[in-house]
Amino acid sequence: MISNGQAFFQAPSYLFTPIKLNLALHVVGQRADGYHLIESLVYFSLSGDCLSCTPFGSNRFVLTGPFADELVSDAENLVVRAHDFMCNTFPECAKPAFFQLVKLLPVASGVGGGSGNAAGVLSLLRQQWALDCSCEKLAEMSLVLGADVPMCLFALEYQQPLFVKGIGQDITRLKEACSLAMVLVNHGQQIATKTVFKALEKRDHPPLKIDSAALKTVDSLVEALQETRNDLFVPALKIAPQLSEVLCALDESGALFSRMSGTGATCFGIFKDKQAAQQAALFIKAMYPDWFVKPIVTLAKL
């Protein structure tokens, strides 16, 4: 029910939410409360879901897009939860809003789609409400929404790759890192994060060590990544054996390096340039028309 017809004449604020890509992910421990400690090299692309926010007479949320049917549109959705969080955290500024999310990314796919959406809400409302709250402070508070939300908020604010430690709260900006041309591939199987972590047999792997100088060029980064891991790949592979086929498809299309992101099932390939990535995406989509295939360029310094 539309309670304020004038709202449609107010210009909406919108953004494309971050795609989060764990180029390396080491699980180095586990806290007493069960949270796993990680060290991760994380790159981003602002080409995820499309989120818009319009001041409205009452709160409303509409979910559309090719992957909308796989999500709930009620109070459990991270867009709604993030709005509730902002209203409760800044009650003196809280205002009702109409959010529309066009779900363009696969669900439960290891690229932080839900966390990116939550970060998008925080970023839009921080601007609309003219909050006197730094990105760093808001990121610290937003950890209650999920471990990936703070880093996604940093991606929207600073548009740079990050080195992330702890449960996701210890964030270092990588200001000298180069941009990457990549292809994302998802074969369609959802993989629950909790299921992958539960299947992880070893929780105290060696830490992630990578020289910041290696991040300056594609070739040096690819070489450095050979000495890193995604410690969640082995348990994810037991759940989704087709991950091996996805990685083979990326390698056969000319990827310089390929790996699963996060807990899966999305895998990425790094290519020498944007043209090579676009050609590879066309090749993979032709071979596997039912797969999600997306060429992207990651955020980095200008």
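Cβ from N, Cα, C; glycine included.
As annotated by Swiss-Prot, active site applies to Lys20 (among others). Within the same chain, residues at least 6 positions away in sequence whose Cβ sits under 8 Å from that of Lys20 (active site) are Val42, Phe44, Val111, Gly112, Ser115, Gly116, Asp148, Met151, Cys152, Ala155, Ser261, Gly262.
Per Swiss-Prot, the feature active site maps to Asp148 (among others); the stated evidence is sequence analysis.
Here Swiss-Prot flags Pro106, Val107, Ala108, Ser109, Gly110, Val111, Gly112, Gly113, Gly114, Ser115, Gly116 as ATP binding site. For Gly114 (ATP binding site), applying a Cβ distance below 8 Å and a minimum sequence separation of six or more within one chain yields Leu78, Gly146.
In this structure, of the binding-site residues Pro106, Gly110, Gly112, the smallest number of CB atoms within 10 A of the CB marks Pro106.
All protein chains shown were included, and the count of other CB atoms within 10 Å of the CB of Gly116 (ATP binding site) stands at 29. Within 8 Å of the centroid of the Cβ atoms of Pro106, Val107, Ala108, Ser109, Gly110, Val111, Gly112, Gly113, Gly114, Ser115, Gly116, where the record puts ATP, the same chain has further Cβ atoms from Lys20, Leu105, Gly262, Thr266.
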